[in-house]
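> Pulled the feature table from Swiss-Prot, pasting it below:
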- 47: N-linked glycosylation site (CARBOHYD)
- 91: N-linked glycosylation site (CARBOHYD)
- 153: active site, nucleophile (ACT_SITE)
- 180: N-linked glycosylation site (CARBOHYD)
- 189: N-linked glycosylation site (CARBOHYD)
- 198, 199, 200, 201, 202: substrate binding site (BINDING)
- 220: active site, proton donor (ACT_SITE)
- 349: N-linked glycosylation site (CARBOHYD)
- 436: N-linked glycosylation site (CARBOHYD)
- 458: N-linked glycosylation site (CARBOHYD)
- 503: N-linked glycosylation site (CARBOHYD)
- 537: N-linked glycosylation site (CARBOHYD)
- 541: N-linked glycosylation site (CARBOHYD)
- 580: N-linked glycosylation site (CARBOHYD)
């Protein structure tokens, strides 16, 4: 397999993989929940007419039949005080027929009844005061109302600091408060979906699956395009925790709120869906003043994309490659039936052609490539796929009948003339003379060798035929890119070739010299993998430098970094959950990449506060020469508003 973005497991072996975290398993949310919520459009000012009108619209517009069934009234439905017996009640002015009647109305439409409550002393943006222990009583109330789901928020919850509306650095973990309500709900004779809404505090992916069916990965989505990038950067280290009954919640959808352009809405919906987020509509579908526009409605009704979200395999897509300066990136993941979904995001606000190299998502060939947003289908796609995409839009693809990367069947990739067979569309992740090729012959050869010629070199390579007479192996050169070709001369016909990239050479941070403010930091045992230390304070005044021997050409670097600079307060502004990293080779123009979060432990209480968790990201670099190369890891451009500090640097592998 070619190098890709991946996350090192930092758990002790006895604790297992994140996929195997204990989870609440009551048969609900086997796929991500879908529905509608009042908050994004109506804020904390819902009423009975609004909820009923939009619920009816779910049915009338054909959304309910596609799976959008949970109808949740968010903040603003309660009154200032509980009843004399301590139980919750609704605001009779806003909901004159009451919540039990609202639930019956929804159930009669074959919809599901969702309510909202808070783990603090009052609800976000609305009463009542909740001082005391009301979880058991509230759970009984919700069960008696025949509630189907509960969104449980996190406002006014930190006693040690006087219960402020919001505290992103609480004195204790929010986990016990959510655990109390989880236990209370479990004690009822009615199963309810429990949505943990802790805003990403204390890295809930480690504890929320045991308590609820979904957890908010970060702060609220805001009505701006930049919120998409910020949210995806926070999702990166959490995708491996997704699975049946435990879903990372990227927050409600802004599709249909007349805030994003149509291509932006397509990107928003596509990525929320393939990352297996709950799909909760936040737009006004139909009320006395508003109805959703048809283009946005068709996005919400895109059946293929809903199918990816609800796929029985239940595996989230993950970030595979990012090109910051070029303004695009690739996410992909597996689907049931051996299919693959891939999203190529155009971060630039201009229409252009973009190319997906299939090996970046682990594939070499696809018999069918379905382009969802432009409605076309391509057949027999070899190595690369190119399509036009609008500014801020996404090329969303479903790939079927695929071949794994590095596998080149002759009947697909080759043409033969006499004893010569030429394979086209050969992909190289890096420029190197150390690719390993295995030639598979159709029958045993009487010859002792075959001749191999790569367009990356004018030299002919002789490969010895194995004892079986059906295979020959050698090392060959390839250039970075998808335009290589290989010609094989053999008296026997060639069935296929297999090519694997070089392992490369690893250079830990200890091989680098720190300059200026940059410094080396030791980590706890088993962390900052695979080195056990890192270089921090990388900035415009702090760099790490090493002399690295290599051959000439364009080189792929697999960079081990650490970033747990979580955007909480800054999420309301320009916080992006990313840090800026630059790599300069031999004084050439640096390659810049904004790396996402890597932390998979609590930013408050976890080992190293999440700053010991390594991730790997790939970047292609120019300017390498034969012999020694001067390599500088820095943060050029940080002073221009990217980020003041780069991520911490663990090491890199040169392929």
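Glycine residues also receive a Cβ, built from the backbone N, Cα and C atoms like all the rest.
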> In the same chain, which residues outside the set 198, 199, 200, 201, 202 have their CB within 8 A of the centroid of the CB atoms that define the substrate site?
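Apart from the listed residues, the neighbours are 154, 168, 174, 203, 204, 216, 218.
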> Please identify, from the glycosylation sites 91, 180, 189, 541, the residue with the sparsest Cβ neighbourhood, meaning fewest other Cβ atoms within 10 angstroms.
189
> With Cβ-Cβ distance below 8 Å and at least 6 positions apart along the chain, what are the contacts of residue 198 (substrate binding site)? List them in sequence order.
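The answer is 154, 174, 178, 204, 208, 215, 216.
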> What three-state class does DSSP give residue 580 (N-linked glycosylation site)?
strand
> Quick check for the class: what is the C-alpha distance, in angstrom and rounded, between residue 47 (N-linked glycosylation site) and residue 541 (N-linked glycosylation site)?
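Rounded to a whole number, the Cα-Cα distance is 55 Å.
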> Quick one: Cα separation, residue 189 (N-linked glycosylation site) versus residue 201 (substrate binding site), in Å?
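Cα-Cα, rounded: 31 Å.
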> Name the residue among the glycosylation sites 47, 349 whose Cβ has the smallest number of other Cβ atoms within 10 Å.
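Each of the glycosylation sites 47, 349 was scored by Cβ atoms within 10 Å; lowest is 349.
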> Using DSSP and collapsing to three states, where does residue 180 (N-linked glycosylation site) fall: helix, strand or coil?
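For residue 180 (N-linked glycosylation site) - judged by DSSP and reduced to three states - the answer is helix.
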> What is the number of other Cβ atoms found within 10 Å of the Cβ of residue 200 (substrate binding site)?
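Cβ-Cβ neighbours of residue 200 (substrate binding site) within 10 Å number 29.
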